[in-house]
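**Student:** Here it is, the structure, as structure tokens.
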Amino acid sequence: MYENISTMDDFEFENKWVLLRIDINSTVIDGKIEDDERIKRHLGTIKELMEHDARVAILAHQGRPGEDDFTTLEPHAEIMSEELDNFEYVPDVFGPTAKKKIRSLEPGEVILLENVRFYSEERINRDPEWHARRHLVRNLAPLFDIFVNDAFAAAHRSNASLVGFTRRLPSCVGRVMEREIEVLETMVRDEMEDGVFVIGGSKIEDAIKVIRRAIEMDNVRRVLLGGLVGNLFLWASGVDLGKPSRKFLDMKGYTGYLDEARELLEEGDDVILVPEDVALNRGGEREEVDVDELPADAPVFDIGTGTIERYRKEVESAGMVVANGPMGVYEEPGFEKGTYEVLNAIADSEAFSVIGGGHIIAAAKACGAYDSIDHVSTGGGAMLRMLAGERLPAIDAILTCPFSGC
């Protein structure tokens, strides 16, 4: 799919102004970054550019408007400054302060610009040509020689900072993106047998697309569901979760996916597994019940022990396991069991294993499974969509870049 993508090996960076897009979107609680995995992953690309005497300005985002984690990039800059010399944080995206700093960059220097999602048009999904005419690209592109996109975790989006510069500058992928493409394309191309997808978390839209694709794939044997995804599909299967869980799904706007979930359960009834028992949060205590004992007046916070054992057996006999999203609210004491035990089953299995997404990576570190996973992807939604055979707009934009060297 992406065999001919341009990489950093195709360019000379000495004394060039390089605009680097990375994805350091992280879990932020009370202004503090809880896991710096994504930040650390991009250091290799940044240091390589510095070693080649490039003048580097970095674009990145954090959170979404209206969410608690929609913050400045100052906490990220603090972590990066501990690892990088000649590094500076600039609290501006493309205003006079940012432009002045960019123009004054010396070879081997790096600046991190402000959260690009502070700019409203960044959040619009449009084609590269449309974004190339917007303020962000028109203001920044003339200041640079090369655009490097290393933001694999956001590659399934078609935002201005991800696709627009490919119509104004010679462009390539960075080292993180290159490695992700290499590993995931190999998995798709080789069609590893006895595939098992473990889908949890709360990204319902992404999950629906991947589940639809997975049940069509001959090499995917099972799709195991947990988290809010599992709760939604349980509801769609006819299980009354109880008012607290129904209310939460409705508040998040996920009830609109119930009909699609019902369709998928009918089409993939021999592939999709939903929880057979769950753990309720009753006043902070874990209470396990079979799904036929629902509805409950307490919210569902995890999969139950029976489901864990069932999922463990599926994972143990798999040839390939792909996991995205936790099985429950693993951050809450007592409700990490499903996520941790399924992750440890994946780590202990003989299957080629891939996990992706910020929450499941943090959970894998916490339970000791991280080092036994074959490939830890920086992307959640991007990873799942690529494995499902979907094209990723940010990578396609580089493939169709009209400049020499792209």
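Every residue, even glycine, has its Cβ placed from backbone N, Cα and C.
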**Student:** Swiss-Prot has G357, G358, H359, I360 binding ATP. Which one of E331, E332, E336 is in the same site?
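**Tutor:** Among E331, E332, E336, only E331 appears alongside G357, G358, H359, I360 as ATP-binding in Swiss-Prot.
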**Student:** Which residue of R103, R117, R212 does Swiss-Prot report at the same substrate site as D23, I24, N25, R38, H61, Q62, G63, R64, R157?
**Tutor:** R117
**Student:** In whole Å, how far is N25 (substrate binding site) from I360 (ATP binding site) when you measure between their Cα atoms?
**Tutor:** 14
**Student:** G63, G357, G358: which of these binding-site residues has the highest Cβ count within 10 Å of its own Cβ?
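**Tutor:** Ranked by Cβ atoms within 10 Å, first place goes to G357.
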**Student:** Counting only residues 6+ apart in the same chain, whose Cβ is under 8 Å from the Cβ of H359 (ATP binding site)?
**Tutor:** T27, G201, G325, P326, Y330
**Student:** How big is the Cα-to-Cα gap, in Å, between G357 (ATP binding site) and D23 (substrate binding site)?
**Tutor:** 12
